[in-house]
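Pulled from Swiss-Prot, these are the features on record:
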type	residues	note
BINDING	Asn7, Arg18, Gly193, Gly215, Phe216	3-amino-2-oxopropyl phosphate binding site
BINDING	Asp9, His10, Arg45, His50, Thr100	1-deoxy-D-xylulose 5-phosphate binding site
ACT_SITE	His43	active site, proton acceptor
ACT_SITE	Glu70	active site, proton acceptor
SITE	Glu152	site 'Transition state stabilizer'
ACT_SITE	His192	active site, proton donor
Amino acid sequence: MTNLLINVDHVGTLRNAREETFPDPVHAAARCEQAGADGIVFHLREDRRHITERDVRLLAETVNGKLDFELSTEEEVVSICCDVVPDLATLVPERREEVTTEGGLDVTASRPRLNAVTDRLYDAGVDQVSLFVDPVPAQIEATAAVGANCVELHTGDFAEASTEAARREEAERLAAAADAAHEAGLRVHAGHGLDYNNFSLFRETVPHVAEVSIGFAVMARAILVGMDQAVRDMRATVANAQP
């Protein structure tokens, strides 16, 4: 079965919008795990717009399942990741002006730096290192060449497709990328924009997906039905959509 990791960034977004101490991403993570999540994802951005270093260290101490630390290659953030040693480190692109991550890494253009950071993460004791990339063959090949043992496929174009035909076309593109990643020996992860409505088509079409990261859809639903129910609903969606 595909593992479900819940991203708690937007709990921090809500907290920080009022410069409050609540809601707490650490408490939210515990509720997500209690409701059936296989693990927790967070992105420590350079500008600390949602998750803070305090959150990171408490999540590292309290999460019982898998912990996925999303990060750029910025030196301070890499050092923090090496210090807390998550189960998985996912390298992502980052621009201060973006609202959310807008696309995958250009691994082919950044191989020396990505190679150095990947090696450093392994040396620190991180078991899995993943690169977040668009479903493009050249990026899959470069991910393997850099030394990562996982790849996270960017599903944003699939999620944002305006027609059913376009969405199916993007699903097939993701399927080809997943096949290529599997052939290259990479563990396949996926995320960005996956939700209760589009996940079935995604999973029925795209093979080899060991793990998905879903955040915004779950947090938005939690406002209406509560965190426990939102996570349980997503857990059921993932379980029922196996190929």
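Heads up, the Cβ atoms here are built off N, Cα and C, so glycines get one too.
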### Message
Measuring Cα to Cα across Asn7, Arg18, Gly193, Gly215, Phe216, which the record gives as the 3-amino-2-oxopropyl phosphate binders, how far apart are the two most distant ones in Å?
### Response
26
### Task
Look up His10 (1-deoxy-D-xylulose 5-phosphate binding site) in the DSSP assignment and reduce it to helix, strand or coil.
helix
### Message
With DSSP assignments reduced to helix, strand and coil, which class does Phe216 (3-amino-2-oxopropyl phosphate binding site) get?
### Response
helix
### Task
Could you measure between Phe216 (3-amino-2-oxopropyl phosphate binding site) and Arg45 (1-deoxy-D-xylulose 5-phosphate binding site) for me? Cα positions, answer in whole angstrom.
17
### Which recorded positions sit within 10 Å of Gly215 (3-amino-2-oxopropyl phosphate binding site) - Cα, from His43, Arg45, His50, Glu70, Glu152
none
### Summary
Cβ neighbour count within 10 Å, max among the recorded positions Asp9, Glu70, Glu152, goes to Glu152
